[in-house]
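Q: Below, the features straight out of TrEMBL:
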type	residues	note
REGION	B:1-38	region 'Disordered'
COMPBIAS	B:28-38	compositional bias 'Polar residues'
TRANSMEM	B:44-65	transmembrane segment
DOMAIN	B:98-278	domain 'ABC transmembrane type-1'
TRANSMEM	B:105-127	transmembrane segment
TRANSMEM	B:139-158	transmembrane segment
TRANSMEM	B:164-183	transmembrane segment
TRANSMEM	B:220-240	transmembrane segment
TRANSMEM	B:260-286	transmembrane segment
């Protein structure tokens, strides 16, 4: 087995394939997907809608078992879902019966979390603050807007300190303005915290704005078509979206997507 | 006007007036639709007023029928006569019967809920268990608890145990179906979210599945209480010295029709009181629920 040939930290996806259904009606969704994400890197995955973006994320999360290939996190093969790969879902999946604070410390109250009580309180306060939720700590989710709910989901995910954060189109259900605010909030928290992030989106602009690298998937069965480096480093302000280089990059990726979605 | 009060009160919190020029019945509808929220005291009073009006209509019709003697002379007492029997009786033993029935329902339904809830969890959580027991549960559930009374009396006599068994049975089958269908239909996303935060199977059950099931358990409690009263009275009618069912049975032996009515009215009031109680408890316990998803 080639399981431990890499000493590199982060995520390795090697030759992953996945089909759904069986026999003649089987649909191949992923084929021979290779992807390496280094520790601390922010990688966005874009692809035509209906391609295997979310399936890839679900495979990394452990919800879906690949038919071929392997997925390693820090050299350890993925077996089922776990807190090393925390997911922020597209649908609001914060727990409606818990206050904002209790949502955020849900993970740090579980047995899987190793830390003291004081640490838990510190972590919770820190992410409440960082996501601008301090004034809503005791509010119930039903009183929050969609953007606020996703802030809670992001804070909750950072709080368990995962090896990699998986974000499955977390802003897709938000209006354009809220979406931009959330992108900026995410840039902000991640520049301070620097976690490994895999961010699935169908919006090319969002992908370039957030990520260090953009993985362009082909149509089904999805495979990695191209990986594009994004050159702005930590300079992620609103203005770069209208920078000619940004626009050029965006056009290039959109052309790639169109050509693959024949 | 209570109607106008109700309207302004419910409209005030978010500044929207849903039906600005509607008449009183429409106001009742708006306030009911908003009742899951902290609707104003005015709205609540308005609802209670309308509820009382419903009773007033029936009592008035009853009075007319009694005075008109449509069932023959002396066979239908007036509401006032029945009221007097209740008031006098409560000072003279009737209160004991009322409390005994009350306690039987609470204990029986409480036990039924307590036994059925964990079993409902297991059936809802494990597909194999559900596939195996679902037909059986539906078979047993279809049997009216009252049909068990003769057998229970044969096996367990006419004591407290027999009535308890009938009640627990009734509550058990009402609860188990509601709970396991609730558990089986939980939104997967919450389970997944908990898994990626590090919850093990036990933690998912206690920290996600259980809180999500509470609304279903509350519904089950409400349904069980209704069935519980029906079953209890049936059991008491057949075999009991005390309790509201026994009061009715004894009174009918002496053709004491006002007391029969008094027993019936007290049963209705008791069930109503319990229902209001469980609804208030439920509104508090599941206050996190989004009204849109109710």
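For all residues, glycine too, the Cβ spot is worked out from N, Cα and C.
Please treat TrEMBL annotations as automatic predictions, because they have not gone through curation.
Each of these features: where is it, how hidden is it, and who are its neighbours?
A: Outside the transmembrane segment (B:139-158), and at least 6 residues removed from its termini, the chain residues within Cβ reach (under 8 Å) are 165-167, 169-170, 173-174, 176-177, 227, 230-231, 234-235, 238-240.
Only residues 6 or more beyond the boundaries of the transmembrane segment (B:164-183), in the same chain, are considered here, and those with a CB under 8 A from a CB of the stretch are 104-105, 107-109, 111-113, 115-117, 119-121, 123-125, 130, 137-138, 140-141, 145-146, 148-149, 152, 156, 209, 212-213, 215-217, 219-221, 223-224, 227-228, 230-232, 234-235.
Counting residues 6+ beyond its ends, the transmembrane segment (B:260-286) has Cβ neighbours under 8 Å at 36, 77, 82, 85-86, 89, 94, 98, 101-102, 105, 214-215, 218-219, 221-222, 225-226, 229, 233, 244-245, 247-248, 251-252 in the same chain.
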